[in-house]
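Swiss-Prot has this to say about the protein:
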TOPO_DOM  1-23  topological domain 'Peroxisomal matrix'
TRANSMEM  24-53  transmembrane segment
TRANSMEM  55-76  transmembrane segment
TOPO_DOM  77-132  topological domain 'Peroxisomal matrix'
TRANSMEM  133-165  transmembrane segment
TOPO_DOM  166-201  topological domain 'Cytoplasmic'
REGION    171-194  region 'Disordered'
COMPBIAS  183-194  compositional bias 'Gly residues'
TRANSMEM  202-229  transmembrane segment
TOPO_DOM  230-276  topological domain 'Peroxisomal matrix'
TRANSMEM  277-296  transmembrane segment
TOPO_DOM  297-454  topological domain 'Cytoplasmic'
REGION    302-329  region 'Disordered'
BINDING   CYS402, CYS405, CYS422, CYS425  Zn(2+) 1 binding site
ZN_FING   402-440  zinc finger
BINDING   CYS417, HIS419, CYS436, CYS439  Zn(2+) 2 binding site
Amino acid sequence: MATQPPPARPPPPLTSSPYPYAAAPDIIRAHQKDAYFQGVLANRLSDLHRRLRGARSAHAWAAETRTFAAALYLCLTTLLGNRTLGEEYCDLVQVEEAPSKLFASSSSKAADDHIYENGLGGGGDGGPLLPSLPRRAGYILTAIVLPHLASRALPSVRSAIRKRLQSRLATLSRRRQQTGTKSGSGRGGRGGGGGITEYRVLRYLLTHLTPLTSGAHFRAATLAVFYFTGAYYELSKWVWGLRYVFTTRAGRVVDDDHNRHHHSPQHGGGNGGRAGYEVLGVLLVVQMAVRAWLHVREQLSSGSVAGGGGEEEEDGEDGFRERTAFGPGTNVDVSLDEHAFTSNNELLGGGGGGGGSSSQRSLGEIGAMAHTPVLKAGRARYDLGTSDKVMGWIKGAQQRKCTLCLEELKDPAATQCGHVFCWACIGDWVREKPECPLCRREAMVQHILPLRAA
């Protein structure tokens, strides 16, 4: 009788992966490279838009152009299952951080369907799971599309919240006046303690509505967590459980023994024996704590929560902060690449990438420091459309119009090359692209000079 071959035993469970998790420096380097190529693609699309539709249309749709460029870049790479140029540059592959049971269960068909050639290297020894198509599409949606939609809807949401706060404050103010009249005192009487507290809280929310709804503090906290853990560089990657691994096997990296035993995905490591950014995380946390403490101390010492003048200041802050609240931060741009123009978007606002809008000075503070009266939002100090006598030394109807908005100049400002535009128009332009719209000469935000009449 022929002896039957013994039944094939199932492969042993995969207890460790030969592909270590990527270190924080490599993740940041890959992000910088991707940000650079996204900027190049956005510039090409913007130039094409300018040639087809003109400079005014290109300027008006600059934010949409950047969003479309970023989405197109990720759709041509991540959505199709390919690596981005930054990932290829740093030898990284994006994988799912699947539960350990998926690695241990070799009979699971769901796991087998996602394993790429029995492992990332095709060597038959298993490996982490590549992200599925729905997960890749969800990542692009939450990383690019949703932030852009939120930035477009944010001004309307702020306006609605501001109207409700102002209405409630007016009601409380009238109630306090009525109570004070009945009690013979103008301070609101003893029974208005709860109303006074509510009034102060609502006044604080109204005065600081823009920084409270900017999301900059949340982005800074996300970045601080990444500095400590080195896992998720973006919040959207944490939502979809996407991490990076090195395509180079653990035995080929610099500290091979250390990587093999301590830095596999199953052991939760992955820094490859390289130093992380924990020190930066500590500094960022200290910075946020100090700013929070200074803000609380300022509110307690000045009593600005219950003070007046909040409405005028808030009206002026809208025009100043509305552009910087989500504009640059929408992309959660922590890239240090000098070619990523969106990383310089907050220069005029004075806020850093991790600090957020809380570090920006309000228009009231700037006016007090510069001894200059603050105008309400939408108003211009010098509007050449009101009269020909305003800056009459600018001759000619065409010379008195802005090339970007095609309207009469408002608060004219000149670049280093001598071209004159509206202050708001050229400020928005150089935040998106630091060059003159006419001659393409470099024009940084700190070099824009406002013109003043004699």
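Every residue number used here counts from 1 along the chain in the order it is shown.
Each residue, glycine too, has its Cβ placed from N, Cα and C.
In the zinc finger (402-440), helix, strand and coil residues by DSSP number 10 helix, 9 strand, 20 coil. The two recorded residues, HIS419 (Zn(2+) 2 binding site) and CYS405 (Zn(2+) 1 binding site), show a Cα separation of 14 Å. The binding-site residues considered are CYS405, CYS417; of these, CYS417 has the fewest other C-beta atoms within 10 angstroms of its C-beta.
Note on the zinc finger (402-440): its mean pLDDT in the predicted model is 87. Distance between Cα atoms for CYS422 (Zn(2+) 1 binding site) and CYS436 (Zn(2+) 2 binding site): 13 Å, as a whole number. When the binding-site residues CYS402, CYS439 are compared by the number of other C-beta atoms lying within 10 angstroms of their own C-beta, CYS439 comes out lowest.
Long-range C-beta contacts of CYS425 (Zn(2+) 1 binding site), restricted to its own chain and to partners at least six residues apart, with a cutoff below 8 Å, comprise HIS59, CYS402, LEU404, CYS405.
Apart from CYS417, HIS419, CYS436, CYS439, the residues listed for Zn(2+) 2, the same chain places the Cβ atoms of THR415, GLN416, GLY418, PRO437, LEU438, ARG440, ARG441, ALA443 within 8 Å of the centroid of those Cβ atoms. Sequence-ordered, the extra residues of this chain that approach the Zn(2+) 1 site, with Cβ no more than 8 Å from the Cβ center of CYS402, CYS405, CYS422, CYS425, are THR403, LEU404, LEU406, GLU407, LEU409, LYS410, PHE421, ALA424, ILE426.
Every protein chain shown contributes to the tally, and the Cβ of CYS436 (Zn(2+) 2 binding site) ends up with 19 other Cβ atoms within 10 Å.
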